[in-house]
Amino acid sequence: MTTRLQAPVAVTPPLPTRRNAELLLLCFAAVITFAALLVVQANQDQGVPWDLTSYGLAFLTLFGSAHLAIRRFAPYTDPLLLPVVALLNGLGLVMIHRLDLVDNEIGEHRHPSANQQMLWTLVGVAAFALVVTFLKDHRQLARYGYICGLAGLVFLAVPALLPAALSEQNGAKIWIRLPGFSIQPAEFSKILLLIFFSAVLVAKRGLFTSAGKHLLGMTLPRPRDLAPLLAAWVISVGVMVFEKDLGASLLLYTSFLVVVYLATQRFSWVVIGLTLFAAGTLVAYFIFEHVRLRVQTWLDPFADPDGTGYQIVQSLFSFATGGIFGTGLGNGQPDTVPAASTDFIIAAFGEELGLVGLTAILMLYTIVIIRGLRTAIATRDSFGKLLAAGLSSTLAIQLFIVVGGVTRLIPLTGLTTPWMSYGGSSLLANYILLAILARISHGARRPLRTRPRNKSPITAAGTEVIERV
């Protein structure tokens, strides 16, 4: 008879996925959103109609579905990403609903913008769930880097080629108008081009790290290696000139510079890139009237407070009215600012929530950005690192451009505030961005699968007992 004693098997407990914490935070975001709606209704002397209750139920159902998609297909995703974005989206809905109440009093439109924004939120969350479900590995995107780059360029170019009646609004040719709705393709271009930049920088890293001459302590790239930077410069200046969209131009170009710097760790690329952009902007200032007008309005908006400077002047008055603590939700007059639900929603929050409330909102964005950068640090592959860092940096740059524009720190650009401003294109694109970031986060936090070693200590080895019969 032979008896074989097996070695004990060590069982490692699975790492916590923290999905229950995410669900709890989502419920907290829903409570804050609904409470803010009640405050608006109370301060506007409104009742609590069924529509308001349906907003809260729909909000909780939508993000509960997104939570289930993450729990099933990406359980190791950072638990803070979705709840923080849900809260930002909810606060945006509250402000849009608050502006609807004013519009209804003066009879400007029949269809509330909050209902349309809720519909776009449904589309955005559905897109988020689809990306989380079907994008099994973020590294698959690197295979389609050149296709994404070509698609991103096409999306940028189409509005410039269309007639003004189909693409121009408020002086910028950035739209594609279709029957029943409009699309702003630049919102999707920023994601597609970031995928392209990340894939190319991983595959062609040597092209960007080749040593050249030294100047002022910096290692300059070789002249023949400047082609990618010059191409990005031409594209960004072309968008600024032909589509009259300074915001998209600045966002795309600075995002490219950030990714290049992260890939090469050479500050010379940033210096050369910013010098080229400044030179292009200076030339455009003297040649093109719309660029010159935008800069002059930024420098002195009170020179024409009822004309070209009206938007920024009203925005500054809103911040001044809000002060430190704000007038309270529903108690201010944010409707006096043009485009308060889109380009100037930050000014609307600044008036009714004050500096304290606006700082809290900016801290929510900071949480998303920092968690995205932490994901980039934790990711094991180079493509994922660059893409996660690029997506997070794009959010940071866009937020800086928006806040800087409405506070007159930089020229007004017309970019929307992610997840808060009214608009389907921005909402849909940013939920896709969040889904990709969530997928990268899942890959970074997921425990590695390791095969057990064949070697075992002598004490755990099998023994044989041979019995004579």
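Here the Cβ of each residue, glycine as well, is placed from N, Cα and C on the backbone.
Within the chain carrying the transmembrane segment (20-40), a Cβ under 8 angstroms from the stretch's Cβ atoms is held by residues 46, 48, 52, 55-56, 59-60, 63-64, 67, 70, 79-80, 82-84, 86-87, 90-91, 93-94, 97-98, 101, 328-330, all 6 or more beyond its ends. Under the heading transmembrane segment, Swiss-Prot lists 20-40 (among others), citing sequence analysis as support.
Taken from Swiss-Prot, the feature transmembrane segment covers 50-70 (among others). Nonlocal intrachain contacts for the transmembrane segment (50-70), taken as residues 6+ away from its ends with a CB within less than 8 angstroms of a stretch CB, comprise 19, 22-23, 26-27, 29-30, 33-34, 37-38, 41, 77, 82, 86, 90, 93, 97, 114, 118, 121-122, 125, 128-129, 132-133, 438.
Tertiary neighbourhood of the transmembrane segment (76-96): same-chain residues 15, 17-19, 21-22, 25-26, 28-30, 32-33, 36-37, 40, 55, 59, 63, 66-67, 70, 113-114, 117-118, 121, 132, 329, 334, 341, 345, 348-349, 352, 361, 364-365, 367-368, 371-372, 374-375, 417-422, 427, 431, 434, 437-439, 441-442, 445-447, selected by CB-CB distance under 8 Å and a gap of 6+ residues from either end. Residues or ranges marked as transmembrane segment by Swiss-Prot: 76-96 (among others).
Nonlocal intrachain contacts for the transmembrane segment (146-166), taken as residues 6+ away from its ends with a CB within less than 8 angstroms of a stretch CB, comprise 173-177, 185-186, 188-193, 195-197, 199-200, 235, 238-239, 242-243, 248. If you look up Swiss-Prot, you'll see 146-166 (among others) marked as transmembrane segment, on the strength of sequence analysis.
Taken from Swiss-Prot, the feature transmembrane segment applies to 183-203 (among others). Within its own chain, the transmembrane segment (183-203) is flanked in space by residues 141-142, 144-146, 148-149, 151-153, 155-156, 158-159, 174-176, 228, 239, 245, 248, 251-252, 255-256, 259-260, 263, 382-383, 386-387, 390-391, 394, 423-426, 428-430, 432-433, 436, which lie at least six positions past its ends and keep a Cβ under 8 Å from the stretch.
The transmembrane segment annotation in Swiss-Prot covers 226-246 (among others).
Residues annotated as transmembrane segment in Swiss-Prot: 248-264 (among others). Residues 156, 174, 186, 189-190, 193-194, 197-198, 201-202, 205, 208-209, 229, 232-233, 235-237, 239-240, 270, 273-274, 277, 385-386, 389-390, 393-394, 397-398, 401, 413, 415 of the same chain lie 6+ residues outside the transmembrane segment (248-264) yet bring a C-beta within less than 8 angstroms of a C-beta in it.
Sequence annotations record features per position, and here Swiss-Prot assigns transmembrane segment to 267-287 (among others).
The transmembrane segment annotation in Swiss-Prot covers 312-332 (among others) and is backed by sequence analysis.
Look at Swiss-Prot and you will find 344-364 (among others) tagged as transmembrane segment, backed by sequence analysis.
As annotated by Swiss-Prot, transmembrane segment applies to 386-406 (among others).
The transmembrane segment feature in Swiss-Prot is assigned to 418-438 (among others); the stated evidence is sequence analysis. Within its own chain, the transmembrane segment (418-438) has Cβ neighbours under 8 Å at 70, 74, 77-78, 81-82, 85, 88-89, 91-92, 95-96, 113, 116-117, 120-121, 123-125, 127-132, 135, 138, 141, 181-185, 187-188, 190-191, 341-343, 345, 361, 365, 372, 375, 387-388, 391-392, 394-395, 398-399, counting only residues six or more beyond its boundaries.
According to Swiss-Prot, the phosphothreonine annotation covers T463, on the basis of experimental evidence.
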